[in-house]
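Comments concern the structure below.
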Amino acid sequence: MAFRRAEGTSMIQALAMTVAEIPVFLYTTFGQSAFSQLRLTPGLRKVLFATALGTVALALAAHQLKRRRRRKKQVGPEMGGEQLGTVPLPILLARKVPSVKKGYSSRRVQSPSSKSNDTLSGISSIEPSKHSGSSHSVASMMAVNSSSPTAACSGLWDARGMEESLTTSDGNAESLYMQGMELFEEALQKWEQALSVGQRGDSGSTPMPRDGLRNPETASEPLSEPESQRKEFAEKLESLLHRAYHLQEEFGSTFPADSMLLDLERTLMLPLTEGSLRLRADDEDSLTSEDSFFSATELFESLQTGDYPIPLSRPAAAYEEALQLVKEGRVPCRTLRTELLGCYSDQDFLAKLHCVRQAFEGLLEDKSNQLFFGKVGRQMVTGLMTKAEKSPKGFLESYEEMLSYALRPETWATTRLELEGRGVVCMSFFDIVLDFILMDAFEDLENPPASVLAVLRNRWLSDSFKETALATACWSVLKAKRRLLMVPDGFISHFYSVSEHVSPVLAFGFLGPKPQLAEVCAFFKHQIVQYLRDMFDLDNVRYTSLPALADDILQLSRRRSEILLGYLGVPAASSAGVNGALPRENGPLGELQ
(Lines of atoms letter the chains of each structure in order from A and count residues from 1; the text may use other names and numbers.)
(Lines give C-alpha, C1' and ligand atoms only; values in the text may rest on other atoms or scores of the structure.)
Protein backbone atom coordinates (compact mmCIF):
# COMPACT_ATOMS: atom_id res chain seq x y z
CA MET A 1 0.00 0.00 0.00
CA ALA A 2 2.86 2.37 0.75
CA PHE A 3 4.43 1.54 -2.62
CA ARG A 4 1.16 2.38 -4.37
CA ARG A 5 0.88 5.69 -2.57
CA ALA A 6 4.50 6.57 -3.42
CA GLU A 7 3.91 5.61 -7.05
CA GLY A 8 0.76 7.74 -7.18
CA THR A 9 2.44 10.78 -5.65
CA SER A 10 5.42 10.45 -8.02
CA MET A 11 3.09 10.40 -11.02
CA ILE A 12 1.25 13.47 -9.75
CA GLN A 13 4.54 15.29 -9.22
CA ALA A 14 5.77 14.35 -12.72
CA LEU A 15 2.51 15.52 -14.26
CA ALA A 16 2.62 18.81 -12.38
CA MET A 17 6.25 19.40 -13.36
CA THR A 18 5.42 18.66 -17.01
CA VAL A 19 2.61 21.19 -17.02
CA ALA A 20 4.81 23.73 -15.27
CA GLU A 21 7.62 23.26 -17.84
CA ILE A 22 5.36 24.00 -20.82
CA PRO A 23 5.84 27.79 -20.64
CA VAL A 24 9.61 27.32 -20.25
CA PHE A 25 9.71 25.04 -23.30
CA LEU A 26 7.78 27.50 -25.42
CA TYR A 27 9.98 30.35 -24.29
CA THR A 28 13.23 28.53 -25.10
CA THR A 29 11.95 27.19 -28.44
CA PHE A 30 10.54 30.28 -30.04
CA GLY A 31 12.90 32.69 -28.34
CA GLN A 32 12.42 35.98 -26.70
CA SER A 33 11.78 37.78 -29.97
CA ALA A 34 8.54 35.91 -30.69
CA PHE A 35 7.15 36.53 -27.20
CA SER A 36 8.20 40.16 -27.29
CA GLN A 37 6.19 40.67 -30.49
CA LEU A 38 3.19 38.73 -29.07
CA ARG A 39 0.99 40.86 -26.84
CA LEU A 40 -1.47 39.01 -24.59
CA THR A 41 -4.62 40.78 -23.62
CA PRO A 42 -6.00 40.25 -20.09
CA GLY A 43 -8.85 38.13 -21.47
CA LEU A 44 -6.48 35.87 -23.39
CA ARG A 45 -4.34 35.43 -20.29
CA LYS A 46 -7.38 34.31 -18.32
CA VAL A 47 -8.30 31.79 -21.04
CA LEU A 48 -4.81 30.34 -21.06
CA PHE A 49 -4.71 30.08 -17.27
CA ALA A 50 -8.12 28.40 -17.14
CA THR A 51 -7.08 25.95 -19.85
CA ALA A 52 -3.95 24.96 -17.97
CA LEU A 53 -5.84 24.61 -14.70
CA GLY A 54 -8.55 22.48 -16.30
CA THR A 55 -5.98 20.20 -17.85
CA VAL A 56 -4.38 19.58 -14.47
CA ALA A 57 -7.80 18.91 -12.87
CA LEU A 58 -8.78 16.40 -15.55
CA ALA A 59 -5.49 14.56 -15.13
CA LEU A 60 -5.95 14.33 -11.36
CA ALA A 61 -9.56 13.11 -11.73
CA ALA A 62 -8.56 10.42 -14.21
CA HIS A 63 -5.83 9.21 -11.89
CA GLN A 64 -8.26 9.03 -8.93
CA LEU A 65 -10.81 7.00 -10.92
CA LYS A 66 -8.11 4.51 -11.88
CA ARG A 67 -7.24 3.98 -8.20
CA ARG A 68 -10.90 3.29 -7.27
CA ARG A 69 -11.26 0.78 -10.08
CA ARG A 70 -8.20 -1.10 -8.83
CA ARG A 71 -9.65 -1.23 -5.28
CA LYS A 72 -12.96 -2.73 -6.46
CA LYS A 73 -11.14 -5.43 -8.40
CA GLN A 74 -9.14 -6.36 -5.31
CA VAL A 75 -12.08 -6.37 -2.83
CA GLY A 76 -14.39 -8.40 -5.09
CA PRO A 77 -12.63 -11.77 -4.78
CA GLU A 78 -12.28 -11.39 -1.01
CA MET A 79 -16.03 -10.78 -0.47
CA GLY A 80 -17.03 -13.58 -2.80
CA GLY A 81 -15.97 -16.23 -0.33
CA GLU A 82 -18.36 -15.05 2.38
CA GLN A 83 -21.93 -16.25 2.65
CA LEU A 84 -24.68 -13.73 1.95
CA GLY A 85 -26.74 -14.67 4.97
CA THR A 86 -23.99 -14.20 7.54
CA VAL A 87 -23.75 -11.10 9.70
CA PRO A 88 -20.57 -10.00 11.50
CA LEU A 89 -20.42 -10.97 15.17
CA PRO A 90 -20.21 -7.42 16.60
CA ILE A 91 -23.41 -6.45 14.78
CA LEU A 92 -25.21 -9.45 16.24
CA LEU A 93 -23.95 -8.57 19.69
CA ALA A 94 -25.08 -4.99 19.31
CA ARG A 95 -28.51 -6.10 18.13
CA LYS A 96 -29.00 -8.76 20.78
CA VAL A 97 -28.18 -6.43 23.68
CA PRO A 98 -31.53 -5.14 25.05
CA SER A 99 -31.58 -1.40 24.92
CA VAL A 100 -32.81 0.36 28.03
CA LYS A 101 -35.61 2.83 27.65
CA LYS A 102 -34.02 6.22 27.41
CA GLY A 103 -36.87 8.52 28.34
CA TYR A 104 -36.34 8.24 32.06
CA SER A 105 -36.32 11.97 32.60
CA SER A 106 -40.12 12.06 32.53
CA ARG A 107 -41.20 9.79 35.35
CA ARG A 108 -44.73 8.44 35.31
CA VAL A 109 -46.49 5.36 36.65
CA GLN A 110 -48.81 3.57 34.23
CA SER A 111 -51.14 0.66 34.66
CA PRO A 112 -50.68 -2.39 32.49
CA SER A 113 -54.39 -2.40 31.73
CA SER A 114 -54.75 1.29 30.97
CA LYS A 115 -54.55 2.32 27.32
CA SER A 116 -53.95 6.02 27.84
CA ASN A 117 -50.72 7.60 26.67
CA ASP A 118 -49.47 4.39 25.03
CA THR A 119 -48.53 6.30 21.91
CA LEU A 120 -46.71 8.95 23.93
CA SER A 121 -44.80 6.33 25.86
CA GLY A 122 -43.74 4.73 22.60
CA ILE A 123 -42.54 8.02 21.22
CA SER A 124 -40.66 8.82 24.40
CA SER A 125 -38.96 5.44 24.28
CA ILE A 126 -37.79 6.08 20.71
CA GLU A 127 -36.67 9.60 21.40
CA PRO A 128 -33.09 9.89 22.74
CA SER A 129 -32.76 11.44 26.16
CA LYS A 130 -30.67 14.46 26.99
CA HIS A 131 -28.51 12.44 29.37
CA SER A 132 -28.48 9.32 27.20
CA GLY A 133 -25.02 7.87 26.88
CA SER A 134 -26.07 4.28 26.26
CA SER A 135 -23.24 2.07 25.15
CA HIS A 136 -25.60 -0.21 23.27
CA SER A 137 -26.81 2.43 20.85
CA VAL A 138 -23.29 3.78 20.31
CA ALA A 139 -21.88 0.30 19.84
CA SER A 140 -24.54 -0.68 17.32
CA MET A 141 -23.91 2.44 15.27
CA MET A 142 -20.15 1.89 15.31
CA ALA A 143 -20.51 -1.82 14.47
CA VAL A 144 -22.73 -1.14 11.47
CA ASN A 145 -20.56 1.66 10.16
CA SER A 146 -17.25 -0.14 10.64
CA SER A 147 -15.95 -2.30 7.77
CA SER A 148 -14.06 -4.90 9.83
CA PRO A 149 -15.01 -6.96 12.94
CA THR A 150 -11.94 -5.83 14.83
CA ALA A 151 -12.82 -2.20 14.31
CA ALA A 152 -16.38 -2.88 15.51
CA CYS A 153 -15.18 -4.62 18.66
CA SER A 154 -12.77 -1.84 19.42
CA GLY A 155 -15.59 0.66 18.85
CA LEU A 156 -17.74 -1.24 21.36
CA TRP A 157 -15.11 -1.08 24.09
CA ASP A 158 -14.33 2.56 23.28
CA ALA A 159 -18.02 3.39 23.56
CA ARG A 160 -18.23 1.73 26.97
CA GLY A 161 -15.20 3.63 28.17
CA MET A 162 -16.71 6.84 26.84
CA GLU A 163 -19.97 6.15 28.69
CA GLU A 164 -18.16 5.50 31.97
CA SER A 165 -16.23 8.74 31.70
CA LEU A 166 -19.36 10.69 30.80
CA THR A 167 -21.47 9.26 33.60
CA THR A 168 -18.81 9.78 36.24
CA SER A 169 -18.37 13.37 35.18
CA ASP A 170 -22.10 13.97 34.74
CA GLY A 171 -23.15 13.60 38.34
CA ASN A 172 -22.36 12.08 41.70
CA ALA A 173 -23.26 8.66 43.00
CA GLU A 174 -26.59 9.79 44.39
CA SER A 175 -27.87 11.09 41.07
CA LEU A 176 -26.71 7.91 39.35
CA TYR A 177 -28.57 5.90 42.00
CA MET A 178 -31.75 7.87 41.36
CA GLN A 179 -31.43 7.39 37.61
CA GLY A 180 -30.92 3.68 38.10
CA MET A 181 -34.00 3.42 40.32
CA GLU A 182 -36.05 5.27 37.73
CA LEU A 183 -34.90 2.87 35.03
CA PHE A 184 -35.65 -0.04 37.36
CA GLU A 185 -39.20 1.27 37.88
CA GLU A 186 -39.69 1.53 34.15
CA ALA A 187 -38.47 -2.04 33.75
CA LEU A 188 -41.00 -3.12 36.40
CA GLN A 189 -43.78 -1.38 34.48
CA LYS A 190 -42.81 -3.15 31.27
CA TRP A 191 -42.72 -6.53 33.02
CA GLU A 192 -46.13 -5.88 34.59
CA GLN A 193 -47.52 -4.95 31.19
CA ALA A 194 -46.06 -8.11 29.67
CA LEU A 195 -47.60 -10.25 32.42
CA SER A 196 -51.02 -8.58 32.08
CA VAL A 197 -50.96 -9.06 28.30
CA GLY A 198 -50.07 -12.72 28.78
CA GLN A 199 -52.88 -13.20 31.30
CA ARG A 200 -55.35 -11.59 28.89
CA GLY A 201 -54.21 -13.95 26.14
CA ASP A 202 -54.58 -16.97 28.42
CA SER A 203 -58.04 -15.88 29.57
CA GLY A 204 -59.10 -15.26 25.98
CA SER A 205 -57.79 -18.64 24.80
CA THR A 206 -59.02 -20.79 27.73
CA PRO A 207 -61.85 -23.11 26.70
CA MET A 208 -65.27 -22.75 28.28
CA PRO A 209 -66.72 -25.60 30.39
CA ARG A 210 -69.54 -26.18 27.93
CA ASP A 211 -67.00 -26.59 25.14
CA GLY A 212 -65.36 -29.34 27.14
CA LEU A 213 -68.71 -31.05 27.59
CA ARG A 214 -69.39 -30.88 23.90
CA ASN A 215 -65.97 -32.18 22.88
CA PRO A 216 -64.58 -34.39 25.68
CA GLU A 217 -61.80 -35.65 23.47
CA THR A 218 -60.43 -32.22 22.77
CA ALA A 219 -60.82 -31.22 26.42
CA SER A 220 -58.73 -34.11 27.62
CA GLU A 221 -55.93 -33.35 25.18
CA PRO A 222 -52.79 -31.86 26.72
CA LEU A 223 -51.89 -28.25 26.16
CA SER A 224 -50.35 -27.40 22.85
CA GLU A 225 -46.70 -26.48 22.68
CA PRO A 226 -47.19 -22.65 22.21
CA GLU A 227 -49.60 -22.54 25.17
CA SER A 228 -47.21 -24.44 27.41
CA GLN A 229 -44.41 -22.11 26.39
CA ARG A 230 -46.61 -19.13 27.18
CA LYS A 231 -47.48 -20.55 30.58
CA GLU A 232 -43.84 -21.26 31.35
CA PHE A 233 -42.91 -17.73 30.30
CA ALA A 234 -45.64 -16.28 32.54
CA GLU A 235 -44.36 -18.29 35.52
CA LYS A 236 -40.82 -17.08 34.92
CA LEU A 237 -42.06 -13.52 34.63
CA GLU A 238 -43.98 -13.82 37.90
CA SER A 239 -40.90 -15.08 39.71
CA LEU A 240 -38.87 -12.27 38.18
CA LEU A 241 -41.42 -9.70 39.37
CA HIS A 242 -41.46 -11.27 42.82
CA ARG A 243 -37.69 -10.89 43.13
CA ALA A 244 -37.83 -7.39 41.68
CA TYR A 245 -40.43 -6.31 44.25
CA HIS A 246 -38.32 -7.59 47.12
CA LEU A 247 -35.27 -5.88 45.66
CA GLN A 248 -37.22 -2.65 45.38
CA GLU A 249 -38.39 -2.92 48.98
CA GLU A 250 -34.85 -3.63 50.15
CA PHE A 251 -33.25 -0.60 48.52
CA GLY A 252 -36.25 1.70 48.66
CA SER A 253 -38.23 2.92 45.68
CA THR A 254 -38.69 6.42 44.43
CA PHE A 255 -42.46 6.01 44.05
CA PRO A 256 -43.80 3.49 46.60
CA ALA A 257 -47.24 2.52 45.40
CA ASP A 258 -48.43 1.11 48.73
CA SER A 259 -47.65 4.14 50.89
CA MET A 260 -49.18 6.64 48.48
CA LEU A 261 -52.77 5.73 49.31
CA LEU A 262 -52.02 5.61 53.02
CA ASP A 263 -50.41 9.06 53.01
CA LEU A 264 -53.35 10.45 51.08
CA GLU A 265 -55.78 8.96 53.56
CA ARG A 266 -53.86 10.52 56.46
CA THR A 267 -53.95 13.89 54.71
CA LEU A 268 -57.70 13.74 54.09
CA MET A 269 -58.37 12.20 57.54
CA LEU A 270 -60.18 9.29 55.90
CA PRO A 271 -60.77 5.94 57.61
CA LEU A 272 -58.67 2.99 56.51
CA THR A 273 -60.53 0.98 53.91
CA GLU A 274 -60.23 -2.68 53.06
CA GLY A 275 -58.22 -1.80 49.98
CA SER A 276 -55.64 0.13 51.99
CA LEU A 277 -55.34 -2.64 54.58
CA ARG A 278 -54.86 -5.14 51.79
CA LEU A 279 -52.12 -2.98 50.30
CA ARG A 280 -50.36 -2.94 53.65
CA ALA A 281 -50.08 -6.72 53.70
CA ASP A 282 -47.15 -8.60 52.25
CA ASP A 283 -47.25 -8.90 48.49
CA GLU A 284 -46.52 -12.62 48.61
CA ASP A 285 -50.15 -13.46 49.35
CA SER A 286 -51.51 -11.36 46.49
CA LEU A 287 -48.75 -11.76 43.93
CA THR A 288 -50.89 -13.43 41.29
CA SER A 289 -53.84 -11.06 41.78
CA GLU A 290 -54.40 -7.91 39.79
CA ASP A 291 -54.12 -5.77 42.93
CA SER A 292 -50.34 -6.24 42.87
CA PHE A 293 -50.10 -4.49 39.54
CA PHE A 294 -52.18 -1.40 40.26
CA SER A 295 -50.44 1.77 39.26
CA ALA A 296 -50.53 5.04 41.15
CA THR A 297 -52.94 6.44 38.57
CA GLU A 298 -55.48 3.72 39.30
CA LEU A 299 -55.08 4.30 43.03
CA PHE A 300 -55.98 7.95 42.64
CA GLU A 301 -58.88 7.11 40.33
CA SER A 302 -60.24 4.53 42.76
CA LEU A 303 -60.09 7.04 45.62
CA GLN A 304 -63.06 9.29 44.89
CA THR A 305 -64.06 11.78 47.51
CA GLY A 306 -67.73 11.23 46.80
CA ASP A 307 -67.48 7.65 48.07
CA TYR A 308 -66.23 8.77 51.49
CA PRO A 309 -67.61 11.17 54.05
CA ILE A 310 -66.05 14.62 53.71
CA PRO A 311 -64.19 15.61 56.90
CA LEU A 312 -66.26 18.12 58.88
CA SER A 313 -64.60 20.34 61.46
CA ARG A 314 -67.99 21.09 63.09
CA PRO A 315 -71.57 19.76 62.99
CA ALA A 316 -73.33 20.60 59.71
CA ALA A 317 -76.86 19.23 59.74
CA ALA A 318 -78.10 21.36 56.83
CA TYR A 319 -75.14 20.32 54.72
CA GLU A 320 -75.69 16.62 55.43
CA GLU A 321 -79.36 16.89 54.46
CA ALA A 322 -78.41 18.66 51.23
CA LEU A 323 -75.80 15.99 50.53
CA GLN A 324 -78.49 13.34 50.74
CA LEU A 325 -80.59 15.28 48.22
CA VAL A 326 -77.59 15.47 45.91
CA LYS A 327 -77.15 11.70 46.05
CA GLU A 328 -80.80 11.35 45.06
CA GLY A 329 -80.24 13.66 42.09
CA ARG A 330 -82.62 16.39 43.26
CA VAL A 331 -80.24 19.39 43.09
CA PRO A 332 -80.01 20.85 39.55
CA CYS A 333 -77.19 23.12 38.47
CA ARG A 334 -76.32 25.14 35.34
CA THR A 335 -72.52 25.19 35.68
CA LEU A 336 -70.29 23.32 38.11
CA ARG A 337 -67.86 25.64 39.91
CA THR A 338 -66.14 22.93 41.92
CA GLU A 339 -62.53 23.88 41.28
CA LEU A 340 -63.13 27.62 41.24
CA LEU A 341 -64.79 27.63 44.66
CA GLY A 342 -62.40 25.11 46.22
CA CYS A 343 -64.89 22.30 46.86
CA TYR A 344 -63.87 18.69 47.43
CA SER A 345 -66.06 17.24 44.68
CA ASP A 346 -69.09 18.00 42.55
CA GLN A 347 -71.33 16.49 45.22
CA ASP A 348 -69.78 18.77 47.81
CA PHE A 349 -70.37 21.79 45.56
CA LEU A 350 -73.99 20.86 44.84
CA ALA A 351 -74.77 20.27 48.52
CA LYS A 352 -73.37 23.66 49.50
CA LEU A 353 -75.11 25.29 46.53
CA HIS A 354 -78.46 23.96 47.73
CA CYS A 355 -77.87 25.41 51.19
CA VAL A 356 -76.71 28.78 49.79
CA ARG A 357 -79.80 29.04 47.59
CA GLN A 358 -82.11 28.51 50.53
CA ALA A 359 -80.11 30.93 52.69
CA PHE A 360 -80.39 33.72 50.09
CA GLU A 361 -84.08 33.01 49.70
CA GLY A 362 -84.56 33.59 53.41
CA LEU A 363 -82.34 36.68 53.38
CA LEU A 364 -84.15 38.44 50.54
CA GLU A 365 -87.52 38.07 52.19
CA ASP A 366 -86.44 41.03 54.33
CA LYS A 367 -86.80 44.41 52.60
CA SER A 368 -83.73 45.82 54.32
CA ASN A 369 -81.56 43.05 52.93
CA GLN A 370 -82.95 43.69 49.44
CA LEU A 371 -81.98 47.34 49.74
CA PHE A 372 -78.55 46.40 51.08
CA PHE A 373 -77.60 44.11 48.19
CA GLY A 374 -79.02 46.55 45.63
CA LYS A 375 -77.07 49.45 47.14
CA VAL A 376 -73.83 47.45 47.34
CA GLY A 377 -74.04 46.51 43.66
CA ARG A 378 -74.71 50.11 42.66
CA GLN A 379 -71.80 51.45 44.73
CA MET A 380 -69.30 48.85 43.51
CA VAL A 381 -69.95 49.52 39.82
CA THR A 382 -70.02 53.28 40.42
CA GLY A 383 -66.64 53.17 42.16
CA LEU A 384 -65.23 51.03 39.36
CA MET A 385 -66.39 53.47 36.68
CA THR A 386 -65.03 56.39 38.70
CA LYS A 387 -61.63 54.70 38.86
CA ALA A 388 -61.82 54.31 35.07
CA GLU A 389 -62.60 58.05 34.74
CA LYS A 390 -66.06 57.40 33.28
CA SER A 391 -69.32 59.08 34.19
CA PRO A 392 -71.67 56.69 36.04
CA LYS A 393 -74.81 58.69 35.21
CA GLY A 394 -76.03 56.45 32.38
CA PHE A 395 -75.29 53.34 34.40
CA LEU A 396 -77.24 54.58 37.42
CA GLU A 397 -80.34 55.26 35.31
CA SER A 398 -80.25 51.83 33.67
CA TYR A 399 -79.51 50.12 37.00
CA GLU A 400 -82.50 51.72 38.74
CA GLU A 401 -84.78 50.69 35.86
CA MET A 402 -83.56 47.10 36.07
CA LEU A 403 -84.09 46.96 39.85
CA SER A 404 -87.60 48.39 39.65
CA TYR A 405 -88.47 45.88 36.93
CA ALA A 406 -87.05 42.91 38.86
CA LEU A 407 -88.86 43.82 42.10
CA ARG A 408 -92.31 43.84 40.51
CA PRO A 409 -94.08 40.50 41.16
CA GLU A 410 -95.99 40.58 37.87
CA THR A 411 -92.71 40.36 35.90
CA TRP A 412 -91.36 37.27 37.65
CA ALA A 413 -93.06 34.76 35.33
CA THR A 414 -91.63 36.45 32.24
CA THR A 415 -88.21 36.73 33.87
CA ARG A 416 -88.29 33.02 34.72
CA LEU A 417 -89.00 32.12 31.09
CA GLU A 418 -86.17 34.35 29.87
CA LEU A 419 -83.62 32.97 32.31
CA GLU A 420 -84.64 29.35 31.78
CA GLY A 421 -83.93 29.91 28.09
CA ARG A 422 -80.40 30.93 29.13
CA GLY A 423 -79.88 27.77 31.19
CA VAL A 424 -80.62 29.16 34.67
CA VAL A 425 -82.29 26.32 36.59
CA CYS A 426 -83.15 28.13 39.83
CA MET A 427 -84.48 31.65 40.39
CA SER A 428 -82.14 32.52 43.27
CA PHE A 429 -79.79 35.42 43.94
CA PHE A 430 -76.76 33.18 43.56
CA ASP A 431 -77.84 31.65 40.23
CA ILE A 432 -78.90 34.95 38.62
CA VAL A 433 -76.56 37.63 39.98
CA LEU A 434 -73.45 35.83 41.20
CA ASP A 435 -73.29 32.96 38.71
CA PHE A 436 -75.11 34.05 35.51
CA ILE A 437 -74.05 37.72 35.53
CA LEU A 438 -70.72 38.00 37.36
CA MET A 439 -69.02 34.63 36.88
CA ASP A 440 -70.02 34.35 33.21
CA ALA A 441 -68.71 37.88 32.62
CA PHE A 442 -65.36 36.95 34.15
CA GLU A 443 -65.17 33.83 31.98
CA ASP A 444 -65.93 35.83 28.82
CA LEU A 445 -63.17 38.28 29.70
CA GLU A 446 -60.69 35.44 30.12
CA ASN A 447 -61.32 34.28 26.53
CA PRO A 448 -61.79 37.40 24.39
CA PRO A 449 -62.17 37.21 20.58
CA ALA A 450 -59.01 37.22 18.51
CA SER A 451 -60.06 40.38 16.66
CA VAL A 452 -60.34 42.30 19.94
CA LEU A 453 -56.91 41.11 21.07
CA ALA A 454 -55.42 42.10 17.72
CA VAL A 455 -56.66 45.67 18.16
CA LEU A 456 -55.55 45.93 21.79
CA ARG A 457 -52.06 44.56 21.08
CA ASN A 458 -51.41 46.83 18.12
CA ARG A 459 -48.57 49.16 19.16
CA TRP A 460 -49.30 51.67 16.41
CA LEU A 461 -52.77 52.50 17.78
CA SER A 462 -53.27 54.98 20.59
CA ASP A 463 -54.96 54.06 23.87
CA SER A 464 -57.95 56.29 23.15
CA PHE A 465 -58.49 54.64 19.77
CA LYS A 466 -58.27 51.17 21.36
CA GLU A 467 -60.80 52.14 24.01
CA THR A 468 -63.19 53.57 21.43
CA ALA A 469 -62.86 50.51 19.20
CA LEU A 470 -63.48 48.17 22.15
CA ALA A 471 -66.56 50.11 23.27
CA THR A 472 -67.93 50.09 19.73
CA ALA A 473 -67.43 46.33 19.50
CA CYS A 474 -69.26 45.77 22.80
CA TRP A 475 -72.17 47.98 21.75
CA SER A 476 -72.52 46.27 18.38
CA VAL A 477 -72.58 42.82 19.99
CA LEU A 478 -75.19 43.88 22.55
CA LYS A 479 -77.27 45.50 19.83
CA ALA A 480 -77.23 42.31 17.77
CA LYS A 481 -78.20 40.24 20.83
CA ARG A 482 -81.02 42.63 21.68
CA ARG A 483 -82.65 41.96 18.30
CA LEU A 484 -82.89 38.24 19.11
CA LEU A 485 -84.59 38.65 22.49
CA MET A 486 -87.75 36.72 23.19
CA VAL A 487 -89.14 39.60 25.28
CA PRO A 488 -88.07 42.99 23.84
CA ASP A 489 -88.59 44.85 27.15
CA GLY A 490 -87.87 42.09 29.66
CA PHE A 491 -85.20 41.47 32.25
CA ILE A 492 -82.49 40.55 29.72
CA SER A 493 -83.18 43.77 27.81
CA HIS A 494 -82.70 45.82 30.99
CA PHE A 495 -79.55 43.84 31.76
CA TYR A 496 -78.18 44.68 28.30
CA SER A 497 -78.83 48.35 28.99
CA VAL A 498 -76.67 48.11 32.10
CA SER A 499 -74.03 46.12 30.22
CA GLU A 500 -73.69 48.87 27.59
CA HIS A 501 -72.13 51.06 30.28
CA VAL A 502 -70.24 48.44 32.31
CA SER A 503 -68.90 46.00 29.69
CA PRO A 504 -66.56 48.47 27.89
CA VAL A 505 -65.06 49.55 31.21
CA LEU A 506 -64.45 45.99 32.39
CA ALA A 507 -63.14 44.85 29.01
CA PHE A 508 -60.70 47.74 28.70
CA GLY A 509 -59.66 47.31 32.33
CA PHE A 510 -58.91 43.59 32.06
CA LEU A 511 -57.52 43.62 28.51
CA GLY A 512 -56.34 47.19 27.96
CA PRO A 513 -52.87 48.68 28.27
CA LYS A 514 -53.46 50.74 31.44
CA PRO A 515 -51.82 48.96 34.40
CA GLN A 516 -53.60 50.98 37.11
CA LEU A 517 -57.06 50.17 35.75
CA ALA A 518 -56.04 46.55 35.25
CA GLU A 519 -54.98 46.37 38.90
CA VAL A 520 -58.34 47.76 40.03
CA CYS A 521 -60.28 45.28 37.90
CA ALA A 522 -58.12 42.39 39.10
CA PHE A 523 -58.76 43.36 42.73
CA PHE A 524 -62.49 43.60 42.00
CA LYS A 525 -62.54 40.10 40.52
CA HIS A 526 -60.40 38.70 43.35
CA GLN A 527 -62.77 40.01 46.00
CA ILE A 528 -65.83 38.58 44.25
CA VAL A 529 -64.26 35.16 43.79
CA GLN A 530 -62.92 35.09 47.34
CA TYR A 531 -66.34 36.10 48.63
CA LEU A 532 -67.84 33.05 46.92
CA ARG A 533 -65.04 30.78 48.14
CA ASP A 534 -65.63 31.89 51.73
CA MET A 535 -69.34 31.28 51.24
CA PHE A 536 -68.66 27.68 50.17
CA ASP A 537 -66.18 27.00 52.98
CA LEU A 538 -67.35 24.99 55.97
CA ASP A 539 -64.78 26.71 58.19
CA ASN A 540 -65.92 30.27 57.38
CA VAL A 541 -69.69 29.91 57.53
CA ARG A 542 -71.98 27.65 59.51
CA TYR A 543 -73.92 24.95 57.71
CA THR A 544 -75.58 23.79 60.93
CA SER A 545 -78.92 25.36 60.01
CA LEU A 546 -80.30 27.63 57.30
CA PRO A 547 -80.86 30.67 59.60
CA ALA A 548 -77.28 30.43 60.88
CA LEU A 549 -75.97 30.14 57.32
CA ALA A 550 -78.06 33.11 56.18
CA ASP A 551 -76.76 35.24 59.04
CA ASP A 552 -73.14 34.30 58.27
CA ILE A 553 -73.61 35.06 54.57
CA LEU A 554 -75.03 38.48 55.41
CA GLN A 555 -72.14 39.28 57.73
CA LEU A 556 -69.67 38.00 55.13
CA SER A 557 -71.31 40.19 52.47
CA ARG A 558 -70.99 43.26 54.67
CA ARG A 559 -67.34 42.50 55.42
CA ARG A 560 -66.39 41.97 51.79
CA SER A 561 -68.31 45.03 50.63
CA GLU A 562 -66.48 47.19 53.17
CA ILE A 563 -63.11 45.95 51.89
CA LEU A 564 -63.97 46.45 48.22
CA LEU A 565 -65.71 49.80 48.60
CA GLY A 566 -62.88 51.08 50.79
CA TYR A 567 -60.41 50.18 48.04
CA LEU A 568 -62.56 51.95 45.43
CA GLY A 569 -62.92 55.02 47.64
CA VAL A 570 -66.71 54.70 48.11
CA PRO A 571 -68.47 54.90 51.52
CA ALA A 572 -69.57 51.51 52.80
CA ALA A 573 -73.20 50.51 52.43
CA SER A 574 -73.49 49.04 55.91
CA SER A 575 -74.25 51.21 58.89
CA ALA A 576 -71.69 52.10 61.50
CA GLY A 577 -73.24 49.76 64.02
CA VAL A 578 -72.54 46.63 61.94
CA ASN A 579 -68.89 45.66 61.85
CA GLY A 580 -69.27 42.36 60.03
CA ALA A 581 -67.97 40.15 62.86
CA LEU A 582 -69.24 36.59 62.94
CA PRO A 583 -70.42 34.82 66.11
CA ARG A 584 -67.83 33.23 68.34
CA GLU A 585 -68.90 29.67 67.73
CA ASN A 586 -68.24 30.14 64.03
CA GLY A 587 -64.59 31.03 64.55
CA PRO A 588 -62.70 34.05 63.29
CA LEU A 589 -62.86 34.95 59.64
CA GLY A 590 -59.18 35.83 59.59
CA GLU A 591 -57.66 37.97 56.96
CA LEU A 592 -59.90 37.88 53.88
CA GLN A 593 -57.70 39.73 51.48
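Counting begins at 1 with the first residue displayed.
Every residue, even glycine, has its Cβ placed from backbone N, Cα and C.
Residue annotated by Swiss-Prot as phosphoserine (from the set SER106, SER169, SER224, SER286): SER224. In summary, of the candidate residues SER33, SER276, SER292, SER561, the record from Swiss-Prot lists phosphoserine for SER276, whereas the others have no such entry there. Between the listed residues THR9, THR273, THR297, THR305, Swiss-Prot assigns phosphothreonine to THR273, with no corresponding entry for the rest in that record.
According to its DSSP assignment, SER228 (phosphoserine) is helical.
The number of other CB atoms found within 10 A of the CB of SER228 (phosphoserine), across every protein chain shown, is 11.
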